[in-house]
Amino acid sequence: MAKVPDLFEDLKNCYSENEEYSSEIDHLTLNQKSFYDASYDPLHEDCTDKFMSPSTSETSKTPQLTLKKSVVMVAANGKILKKRRLSLNQFLTADDLEAIANEVEEEIMKPRSVAPNFYSSEKYNYQKIIKSQFILNDNLSQSVIRKAGGKYLAAAALQNLDDAVKFDMGAYTSKEDSKLPVTLRISKTRLFVSAQNEDEPVLLKEMPETPKTIRDETNLLFFWERHGSKNYFKSVAHPKLFIATQEEQLVHMARGLPSVTDFQILETQS
C-alpha cells in the first residue's frame, strides 16, 4: 500500500528553507548598506595594510574631499581656463567640482604698461629770460646773498648792494594761463635755485645748461605771483611753500609767518 505523503513535514521543511534564505538576504543587505553608507577617515601610517572596521558614527556622512594644492583646469591646447587655490582645510564637494567645470573661461590678468604721462609731471617748456641781473630784498630791508661755500643763500642787511646776489628769471609755459612758472638762476652762472621741503634751506643746483623742457625736476620751478610791489615765489613741486627769509637764517621754504615770503625786485639794468 502506497505511503501517503506527510504534508505537515513538507510544510515544515519549506518553512525552514525560507527562513535560512531570508536570513542570508538580510545579512547581505546589511553588508551592502555598511559598504555604501559608511565613510572612512584616512588611515594613519601605522595602520597601513591593517583592517579597520567602520564605527557606527561613520555611517551616513556626505562624501567630502580635502585639497592641499591649487585646482587647475587646462584646455586641450594647454591654455589655463581656471585656477583656484584652496586652503588646507577647505572641503570640496561634488557640486563644487561640477561648478568649476562649468565656469566660463576667465581672462588671465596681465600687468598693463603704464603710460609715461602717469609717471611724469606736467611738461614745462622754456620761453625766454624775462628779467636779468635783479636783486631780491625782503620787507626787513635784507638782500639775498650767497652764503660762504656757495651752496646756500641767506638774507642780510647790506650797505653795498654789489654784494647782493643778482638773478636772471627764465619764463616757462604752463597749462594755466593765470600762473607763470619761472626759474631763478644766479646771473652769469649755471646755478639754479632749487626748492626743498618745508623749513629746509633752498639749494643752488648746477645744471649743464638752461633746461629747455622740465618734467620731473620741478624743484627748479616757481610760480611768480605779484601783488602790487610784493613778489612771491611759490614752489611748483611744493605748492604750499614759498621762498622765505628770516633774520640770521638761510633762505628756506615756508608757508608764511614767522618767515617772510614777499620780496621786492630791484632792477640793476635799465
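The count begins at 1 with the first shown residue.
In case you wondered, yes, glycine gets a Cβ from its N, Cα and C as well.
The N6-acetyllysine annotation in Swiss-Prot covers Lys82.
Look at Swiss-Prot and you will find 82-86 tagged as region 'Nuclear localization signal (NLS)', backed by similarity to another entry.
Swiss-Prot lists Ser87 with the feature phosphoserine, giving similarity to another entry as the kind of evidence.
The annotation N-linked glycosylation site is assigned in Swiss-Prot to Asn139. Summarising the environment of Asn139 (N-linked glycosylation site), the number of other Cβ atoms within 10 Å of its Cβ, over all protein chains shown, is 13. In the three-state DSSP assignment, the secondary structure recorded for Asn139 (N-linked glycosylation site) is coil.
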